[in-house]
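For reference, Swiss-Prot has these:
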type: BINDING; residues: 258, 259, 260, 527, 532, 686, 687; note: substrate binding site
type: BINDING; residues: 440, 504, 507; note: [4Fe-4S] cluster binding site
């Protein structure tokens with residue numbers, strides 16, 4: 001072992017020299033004896049060696065390198081359940097453990113290089129510049145991240161923005177890796193800002209299945225190739241859970257290949273879900289494009305009843321606003337006097353289900369609760385880039401609404417619509433086949449409250465009936481660790497619950513846990529679309545817990561009334577902190593800097609061509625109309641049970657709408673290849689297979705009253721023409737089977753002798769012209785977004801050969 005250790009010590013020195021060009025032998029002659037390689041190598045134990053090297057680098061004023069190695073040490077000694085390796089100085093390290101330590105040293109030092117290559121952002125300023133328009137919270141974050149650094153933006157602006165983090169699951173990475181390969185494997189922007197979590201499909205019970213093994217291998221390959229600093233492997237956490245708890249910081253801009261990326265908005269950062277190809281580009285380039293959306297303001301007022309958390313609050317908001325109404329394709333900003341009663345965990349649940357409102361994302365104005373939450377983190381690097389913004393008093397919102405938290409009670413969202421919300425008492429006694437407490441919506445706070453509800457039931461003599469299934473899945477291993485510390489896992493088990501590994505479990509229904517067709521489930525998850533989880537109804541974790549004893553829908557109020565709320569508050573810890581419990585000090589809010597001269601361009605990629613020749617359209621697009629309705633969701637377009645086999649457009653098309661519109665595919669083959677639909681087409685998840693399935697069927701164009709935000713971006717990325725047509729006269733003329741002609745050059749639709757004008761955005765035009773986002777990157781490289789967002793009259797012309805849609809698994 002000593003020989004292995006000495007070799008590892010030499011390798012650490014070599015990594016330092018090769019990665020950061022630091023040679024300790026190049027120090028002054030006075031320091032050589034003290035800081036020589038031989039001196040360092042004499043330390044006993046690899047971790048002791050690292051500790052000495054950290055101190056030496058600090059003394060030699062290599063502060064960043066010293067800090068990086070200090071972080072490596074913290075990761076090494078942290079318990080596995082808290083994201084570490086669980087090592088200690090007193091034990092000899094096995095060869096595999098030494099190899100992992102060396103990997104971390106290499107990865108964290110390489111992170112300094114990627115940070116050096118990144119474009120610096122100008123410091124924010126203390127006050128609003130004179131004459132600048134009033135901005136919303138989200139507009140300020142966009143303005144701060146805009147590459148041009150104008151210091152302001154307005155709705156409708158097409159801008160390039162720097163991205164702070166990219167996040168993906170093992171399932172969505174499968175498609176992103178394909179896109180990455182199609183781009184020529186150009187490398188990623190920052191190896192310390194890619195959060196990759198195994199949660200959607202992987203499960204210890206099915207790891208041996210080849211398709212699951214392939215997902216694991218792809219993620220492990222990403223870890224090695226990119227030298228990821230933040231990789232925790234499979235079933236450590238649900239994608240959003242530990243990212244929000246330990247990484248997202250106020251003021252950041254985060255892009256993720258999952259529709260519930262919006263969850264991190266709880267901390268005052270802008271977190272937006274997109275499709276796999278759309279997310280791969282900022283992973284590579286460090287930037288993306290945004291057409292600045294409108295925002296709505298929801299002011300939370302009143303005081304919630306004890307035991308009412310974020311899940312019931314967002315169900316109430318869904319009841320009041322409904323899907324695809326005022327929040328559709330807009331950012332939802334939460335503020336108001338009532339937020340002081342909502343913990344960070346409660347805010348997380350509310351932002352999480354902004355996706356079900358059809359909003360782009362949700363975001364809370366940061367406050368002292370936010371600050372206290374972030375301050376509790378383990379690593380300094382994840383709490384030292386905080387920037388607090390708040391909306392101006394004269395900010396312009398598309399709508400401003402009040403929600404009274406005093407009106408919130410235990411609610412029940414009936415299958416198959418998350419906005420079909422009624423009080424639990426209206427359906428009390430409904431027979432259930434399964435009770436599930438889990439999914440990303442369900443926070444640590446929710447699990448603790450569910451355990452206390454179960455505890456009250458057990459004290460009253462309630463016992464679980466023999467029939468039915470009960471499953472509790474924690475959002476992460478740190479949460480499970482906390483529940484064990486609080487002696488609450490035993491409560492779940494005593495109440496008949498099986499405790500699973502962290503993952504999406506029954507929510508997405510792609511892994512070992514799947515509801516049987518026809519079963520009636522009660523779940524604390526976020527989505528209950530048709531063909532997703534049997535007949536799934538949505539409630540809070542407390543309601544699931546109360547209902548689990550008799551397998552009948554039960555209002556939890558009686559059991560909630562028996563809880564000792566002082567104990568409840570003590571158990572919640574920092575994740576359940578509210579304003580009344582936190583230090584009453586003021587935050588320092590800042591403003592985006594107006595520094596256009598500060599803008600720096602990144603080096604161009606070496607894999608693109610400067611050719612600008614663009615052939616004209618060969619003629620109008622013709623076909624026959626196939627009518628569909630409102631809310632055609634991604635679960636219907638690309639059913640979850642077939643996603644792992646959807647490697648190509650053709651494979652995806654085999655199952656398009658087969659559950660909801662079984663004749664759709666055959667009619668497409670018969671020439672009904674122009675879809676005309678209603679509101680919110682493509683709502684639901686970020687999965688690109690929904691677009692791939694339409695392309696694979698032979699659909700040439702989708703015309704709708706409105707599209708879901710992510711789906712609308714996915715269409716031009718993959719080469720499917722999507723047209724938003726608000727004109728009601730068009731729908732009066734568009735009969736099923738009608739002949740239609742679409743002139744893309746003139747942007748006109750001809751039908752039944754009538755003429756209807758449509759518009760494509762500048763970015764849509766550019767992507768169509770170049771054949772999709774992959775082809776555009778091959779042409780422009782890292783200057784892709786600069787080229788396609790440049791202020792110019794793009795016009796439209798013939799699409800180049802469509803890019804091959806990647807095999808992506810997103811939810």
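Backbone N, Cα and C define each Cβ position, glycine as well.
Annotated features taken from Swiss-Prot, shown on the structure.
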| residue | record | contacts (Cβ under 8 Å, 6+ apart) |
| --- | --- | --- |
| 260 | substrate binding site | 240, 273, 352, 355, 440, 441, 526 |
| 507 | [4Fe-4S] cluster binding site | 436, 438, 439, 440, 523, 525, 526, 527, 533 |
| 532 | substrate binding site | 416, 508, 509, 635, 640 |
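Separation of the C-alpha atoms of residue 258 (substrate binding site) and residue 504 ([4Fe-4S] cluster binding site): 12 Å, rounded to the nearest whole number. The binding residues for substrate are recorded as 258, 259, 260, 527, 532, 686, 687; their greatest pairwise CA distance is 16 Å.
Look at residue 259 (substrate binding site): DSSP puts it in a helix. In this structure, the CA atom of residue 504 ([4Fe-4S] cluster binding site) is 15 Å away from the CA atom of residue 687 (substrate binding site). One residue stands out among the binding-site residues 527, 687 for having the most other Cβ atoms within 10 Å of its Cβ: 687.
For residue 440 ([4Fe-4S] cluster binding site), other Cβ atoms within 10 Å of its Cβ number 26. Classification of residue 504 ([4Fe-4S] cluster binding site) by DSSP places it in coil, neither helical nor stranded.
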